[in-house]
Amino acid sequence: MSSSKAKMREKKMKNQPSSVQYSPSTTQNGGGAVVSGGGQLMERPKTPHQSAGWSRGHQRDGGSYAKEMPKCITAGAFARARAAEVSSMLKAVRKTTGSCHVFGALPKHMRRRAMSHNTKRLPRRLRDVAERMREKSLQAGSKKKEQAKNKSRKARRRHGNLLLEFNRRQRKNVWLETHIWHAKRFFMVKKWGYCLADKPTSKCYRPCYRALSSHCLLQDLSYYCCIELQGEENNLLASLSQLTSKETGPTFAAALSLSGQKQGSVVMYRAGCYPLQPLGPVTFLWRPQSQGSTLRQLWIWAHPTMKKDLLTELQTVCQCDEAVAPPIVPIEQKLPVTPEDKQIAGTKRKQTVKDISGPPAKKLLGDGTRSPTTPVSWKSNCTGTIINDLTMEMVRFRLIGPQSHTVLAETLEVATKYGESDKLKPSSLWWPEHCKEESKMVLHQEQADAYHLLKGILSAGELPPGTVLGLTVEDPRLTLPTKKLKALPSVQKAQEVDEEKSRELMLKGVPKHCCQSSLWDRSVRDNVTENRISEKELNHLRGELLVPGSRLSPAPPQSSVPVLLVHQPGKQLGHEMSSWGAGWDLLLPKGWGMAFWIPLVYRGVRTGGLNMSLKHSQNKGVPHFPHDYPDCTSGALFQDEQEAELLEKFRRRPPAKRTNYIKHGCLAPFRCPWQQLAEEWELILIEEGKKKDSQTTRGADEVIKEETTSLRDMTAAKPVSCVSVLRCRKSLRLLSGWCRPTTSKGQRLCRVEKVPQLDHPAMTSFLTAHGMSLVWVRLLMPSKGKPELHAIVCAPTAEDLQLLDKGPGSSGPQEPLHRDHFKSRRKGSTKTATSSLPSEKSEGQMSHLLTASEEPKPSSKASSGFTAGLWPDPLPSVTSHCSRVTLGWVTQGDFSLSVGCGEALGFVSVTGLLQTLSNQEMKHRGILLLRNPTSLHYRFVKVTIEV
Amino acid sequence: MVRVKSRYLLCEINVPDRSRLFLLDDRAVAAAVKAAVARMHGDYGAALCSIRFSVKYLNAHTGIVFLRFPKKCYRLLWSALPFITCIETRGQKIECFLNCLHVGGTIRTCQKFLVKYNTQQLHRMLPKCKSEEERSQVREAILKCCLTRGNKQEFGEESDSEDDEEQ
C-alpha cells in the first residue's frame, strides 16, 4: 500500500475503536481510555474468582450475576470497562467518516449539492462549525500562494530584474553563453557544475544523424575547460612527458603538433603511473612559435570532470605551487559583476530602492560560480612556467559533418582592413592597432587566402586531421540572412579555386604561419570581449540605413573578431566509413557566443546536445569521456551516478512490472564490475596454467612451465592492482590482428602487416604484460538484434559455433531461465505463509537444465537493502554465472544508423578474449555472443578491435 | 447503491472464569468460528467462511465481538455459532459460548446498539450493588455514559470532541 493510501486509511480509521486485547509480550494492546481502564484490571493480580457456573457479561437474570458480585472491585472495574467501551463506541458512531467536512456527518438524504461551497445549505446547527472549517482551509490555501508570488510577473520580467535573477541562478551551475537559447529548445541537465543541453525537446534523432552524416551539426562545447601553460619549450615537454606515454600514440612532443599546425589528442596519466591511473583524454594546441622567442604557449582542453585532477597534476609536474592572484585581478575587475551581484541579491528580499542606487545589473560572462578571489594562475619559481586556468574564457563551438566548412564559409567573412586615412590615430580597439603593422597584415592576407581555399573542398573529412587556421573575421551578425537557409556547397565556387592549391591544402594542411591568431593574446581577447557591439546598438545602426535590409558598411571597427578554426578528425579507426563525422571547432573570445551562434543556426545546421555527442562518438567507434573510461576516477564516478539513476528508475516501477534480472541470469544490469571480472579471469588463467603444468611435465616443455610459473609469481606479487584499459598501440594492433578471421573472403589482408601466429607462447607473453587489462572492442551484429546498455559479452561454445554453420539465418542459443533464490526469503519477510508453489512448479521444468554450479547459496546478507529482481551484494562469480562464460560488458549499444545493424561498444577482459580466441577455429575467429540484460537470447557478434 | 453487503453480528463471549477472558485475541476467535462452521457445514461452510469473514472488533474486558459475514450466507454461518464450546488461545482452552446480541447491516448500527446495551447493563447493575464503594463506581460509570449521550445532541462542538478524547 502506498503511503498516501495508508494515510487515508489511517485518517478514516482514526475514530474507529480498535480491538482491546492483550498481546503476550506487552501487557496492553492499543491505547486510549479503554485500556487505561483495563490496565487497572490487569494490575490487580489474580483475584481468586468463584468459578461456579457461567458468568455472563450481562444479566438477564440478576441471580447469576449476583453470584459474582461479592467481589466489589470486579464490579467497579467491570463498570469502568463498560463505560470505556461505550465512550469509544459513541465516538465511532458519531464521527462517521474520516473526511473533515461537516456534511460528512449528515445522513445521505439530507446532503445537498454544493454544501461545501455555500454553508447556508447546511442545517443551522452545523453552520458554525462549517464556517470555521472553511476559514481554516482558506487560510491554509492563501499561505501557500503568498510564498510563491512576491512580485508581479511584469516586474519580474523587466530587463534588469531578469538579469539579476539569471545571475542568481548562475551562481551554482555555470551557464554557457547560449544557455537561454538552449533552454528554450532542449532538456537541460545540471552536470559537472554546468547547465548543459541534453537532447532536444523536438523529435529529431534521425534528422540529427542525417545532419551528422551529410550536412552539419552544431554543438556548444564551451564547457570544456582550457588550461594554458606558458614557459620554455624544453621545460614544458619534460614535465608533460611524465603525464603521457609514447605507447598510446603521439604525445605533446609530436612534431606536427609542436609546430602549432595541428591539434593533438592524448590520454593523460598521473605522473609516472602509466598504465595505471589515467586522468582522461585531452586535446591540446601549441601556439606557433613567434620569431626570436623560446617562450611557448600551450592550451590543454579537458573535460570538466577531470579538470581538477589534471590541474593539480600539472601543478606538481611543473612545480607551479605559487598561486598568482594579482595578474588575474584586473580581468576580474573588468567584470565587476560578481561581487556587486552578490550584494544586490543579498538585499533583494528587503525590497529596497536598490534599483536606483545600485549600478544596473550586467550580464554575467565567464564562470559565475567562481569567487573572485580564487586563484586561476600559478607560477613556478625555478622554471618560470605559468599555468593559467582559462575555464569559460573562450567559447568553443563544434560543427560536425561534411558540410561544416561550407557553413563556416558562409557565416564567417574575413575582416576588412581598416581604412588608410585614420591609420595614425591611436585607438583603444585592437583591430586598428593591429592593422598598423605591415607584417601582421600580410599574415592576415595569407590567412584569408587559405580560408578561401577551404571553400573549394568537398567534404570536411578531406583535410588532414587536426588542421588549425587562425583568422580574423567580421561580426557575423552583419551578414545575417533574413531567412533561415540551408548552406549548400556551390560548385561554381569550388571551380573558381585553384585546383593545385587546394590539393596542396588537402595534403599538407594549412601553412605553418597561418596558424597564428590574436586569440592567443589575453589582452586582445579581453579587448574584443569588452568592445562587443550590443544587439541593441547594432539594431540601431541598422535602423539608420537608407535602404532597409542592406548591409552595414563600412563595418564598425569593433566588429573584427580573432577566431581559431580547428579541424576535428572524423572516424580514424577501422576501414569502413573513414573520416565520418569530421568537422571544425570554432574558438571565440568569450562574450561572442550568441553573436556567432545565431548566424550559424541561420545556415540551416542542426543543433545537438550531450546525447548527440555520445551518439557521435559511438558511430565513430571511439570511447566517450567519461562514459567509457572505467579506469579513470571520473569514469568510475560516472558509473556510480549512472547506477544510482538506473536503479532509481527501476525502483519506480511497480514490483510486478519489473524485470527479474535474477531469473535472466544478469548479475549487474546497472553497473559493470570490471575489477571483479579482471580478477576472476586472472584466477581462471592460473588454474589453466596449473592444468597445463601437469600435462607439460610429462611432455617436458620447460619453457611454458617457466612462463606460467613466472606469471603466477607476478600475479601473486601484485595482489590488489586496479583494472586498467589497454591503450598501448602496439599491443592493440597485435590483438586486433588476432581477432580477425584469416580465411574470410571479405577481408583485405594485404593491407594488414603480417601478424604473428596466435599460439601459446605468444599468448602467454602477451598476458604477462596485460593480464589485468580490459580492451575496448566494437561488436557488430550481423543478424538481428539491438544491443543495449550493459549487455553481456560471452564466449560461445563449440556447439554454438556449429549452429552458426547451419546458415546465416540461424539465431543464437538460449540461456536457460535462472531461479530466483531470493523470492522465498522475500515472501517470508512479508509474513504470508503461503508457499510459492506455482512459481516453483514452472521453474521445476527448467531446473533440470541448471547445472549444480549455478545454484549458489543465497548470500547471508539481510534483505534490508534488497530490491526484488536484483542480485544483492556481494555478487557471485560473474564469469561463470551464466551457461556461457562472460567476457565483458557493453557500455554503448544501439542500432547503428551508419552501419545498418546493431552495433555495440564495450570492454572485454584481455585474458578472456585471448583464451576464447585461441580455442576457436580459424574460420570462426572473432565470433562472440552478446545477450541483453532483459533477454535470454544470445546473438552472434563479430568482434573487432580498431587501431 | 452498489456495494458489497455484509452482516455484522454483535456477539458476547461468555466464560465461567472472567479473568481468562483476557487471553482472547481476534485470531483465536476467528479460528474457533471457522472450525465450528467447518464441523457443522463441512467444506461448503468452510469455503463460505473463508471468503469475507473477519473479526472486526474484540474487547477482551467485556467479551464483545463483532463478526462480519457475507450477507448471502450469514444465516448458515450463524447457525454454527452455538456449537462453539471452547476457544483455544495461547495453548489454553477457554470454555465459552457465544451469545448473539444483535445483527446489523453496518458496523455503525452494531456500535449504536452496543452503546444502548452497555448503558442498560450498567443501569441494571446499580441496584444490585452490595457496598457503597461499588455503588459509587457504577454510578460514576453510568454518569460517564450519560454525559456523552447528552453531548451527542450538540453534535460537532469541538470542545465536546476534546472531552471525549480526554476520557
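Just so it is clear, glycine is given a Cβ too, placed from its N, Cα and C backbone atoms.
Note: TrEMBL annotation is automatic and uncurated.
Features reported for this protein in TrEMBL:
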COMPBIAS  A:1-14  compositional bias 'Basic residues'
COMPBIAS  A:15-28  compositional bias 'Polar residues'
COMPBIAS  A:29-40  compositional bias 'Gly residues'
COMPBIAS  A:132-149  compositional bias 'Basic and acidic residues'
COMPBIAS  A:820-829  compositional bias 'Basic residues'
COMPBIAS  A:830-850  compositional bias 'Polar residues'
DOMAIN    A:78-157  domain 'Pop1 N-terminal'
DOMAIN    A:165-231  domain 'Pop1 N-terminal'
DOMAIN    A:583-674  domain 'POPLD'
DOMAIN    A:773-947  domain 'POP1 C-terminal'
Average pLDDT across the domain 'Pop1 N-terminal' (A:78-157)?
75
Over the span of the domain 'POPLD' (A:583-674), count residues by DSSP class, listing helix, strand and coil in order.
44 helix, 9 strand, 39 coil
Residues of the domain 'Pop1 N-terminal' (A:165-231) by DSSP state, where helix covers H, G and I
20 helix, 26 strand, 21 coil
Can you tell me how the residues of the compositional bias 'Basic residues' (A:1-14) break down into helix, strand and coil by DSSP?
10 helix, 0 strand, 4 coil
